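S.K.: Quick paste from Swiss-Prot:
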- 13-33: transmembrane segment (TRANSMEM)
- 57-77: transmembrane segment (TRANSMEM)
- 85-105: transmembrane segment (TRANSMEM)
- 121-141: transmembrane segment (TRANSMEM)
- 143-163: transmembrane segment (TRANSMEM)
- 179-199: transmembrane segment (TRANSMEM)
- 201-221: transmembrane segment (TRANSMEM)
- 238-260: transmembrane segment (TRANSMEM)
- 303-323: transmembrane segment (TRANSMEM)
């Protein structure tokens, strides 16, 4: 543990954290008025919480802020193109591009219909297969089983399972991004968990990237926390999902996302349960899905929701350390 703390206090690590944070803080006041001027505003669903309707027109695609911040930070740190940290950066960019295209089309069409489902699926499959192949050839097909102190070799099933894993993780983070600051806050904690594990297990570059992205998200939160001046959009949420999935994959810990990313999982399950129940019985289990909207309908404020979900994530990350 002492060595891990030393790594966290390493000048390079601290520089990555501070640079990511500083770049986001600087870019926020540049991007927000620029996106306003371009009329890149969020279209709010009329079937969502009524309190959200006043947010219509809030600049979206804010993921570009931490997207650029962490990219510049990693370039300044001067990692080689084949380093693990850069592989995570590539995945952030790849899935961020999908989100960017989705956001742009939503803005052009002035509705919530961006990329068609099949178009998004094709792009997700292409990037997921490429990353799964990278994992198969460079990382190995074994993954750590939580609480068991053992590994499971996926063998020939590795690539198809990893492709499904990427689709699930990116969409789960996307669903979590439904209220001001929620996805950002939860993901900062998850990234910190993986950064510590990265340093502890010798994956220094992954640890540095995780810290840099956490710093960039903290800077972004200055503008994304309630009341949000900017939304991350699919540009941000899909990029974050792709990055987290790759970080966990390199650490051989994809199963740990079920634990430390428990909020992502619950958000996704709430949608699946709601849709399944309505289609089979005509009844809804929740007042609204994803589940953060259910709690909003129950009278919870966005600030309370973000605080409670963040505390839960912190507890889940502690459980994650126990599961190692």
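Glycine residues also receive a Cβ, built from the backbone N, Cα and C atoms like all the rest.
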S.K.: Sequence-remote contacts (6 or more beyond its ends) of the transmembrane segment (179-199), Cβ cut-off under 8 Å?
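M.R.: Distant contacts of the transmembrane segment (179-199): 3-4, 7-8, 13, 173, 205-208, 210-211, 213-214, 217-218, 220-221, 224-228, 232, 236-237, 240, 244, 247-248, 251, 253, 260-261, 263-264, 292-293, 296, 302, 305-306, 309-310, 313-314, 317, 320-321, 324.
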S.K.: Six or more residues beyond either end and a Cβ under 8 Å away: which residues meet both conditions relative to the transmembrane segment (201-221)?
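M.R.: Sequence-remote neighbours of the transmembrane segment (201-221) are 7-8, 12-13, 16-25, 28, 62, 65-66, 69-70, 73-74, 77, 79, 83-86, 88-89, 92, 181, 184-185, 187-188, 191-192, 194-195, 232, 236, 240, 243, 247, 250-251.
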S.K.: Go through the chain and flag residues at least 6 beyond the ends of the transmembrane segment (121-141) whose CB is under 8 A from any CB in it; none is fine as an answer.
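M.R.: Residues packing against the transmembrane segment (121-141) from afar: 87, 91, 94-95, 97-98, 101, 115, 153-155, 158-160, 162-163, 166-167, 170, 242, 245-246, 249-250, 252.
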S.K.: Residue list, the transmembrane segment (85-105) vs rest of chain: Cβ under 8 Å, 6 or more residues beyond ends.
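M.R.: For the transmembrane segment (85-105), the far contacts come to 40, 60-61, 63-64, 67, 70-71, 74, 79, 113-115, 120, 123-124, 127, 130-131, 134, 170, 174, 205-206, 208-210, 213, 233-243, 245-247, 250.
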S.K.: Determine which residues of the chain contact the transmembrane segment (238-260) at the Cβ level, with the cut-off under 8 Å and only residues 6 or more beyond its ends counted.
M.R.: 63, 67, 84, 87-89, 91-96, 98-99, 102, 127, 131, 135, 139-140, 142-146, 151, 162, 165-166, 169-174, 183, 187, 190-191, 193-194, 197-198, 201, 203, 206, 209-210, 213, 217, 232, 313, 316-317, 319-320, 323
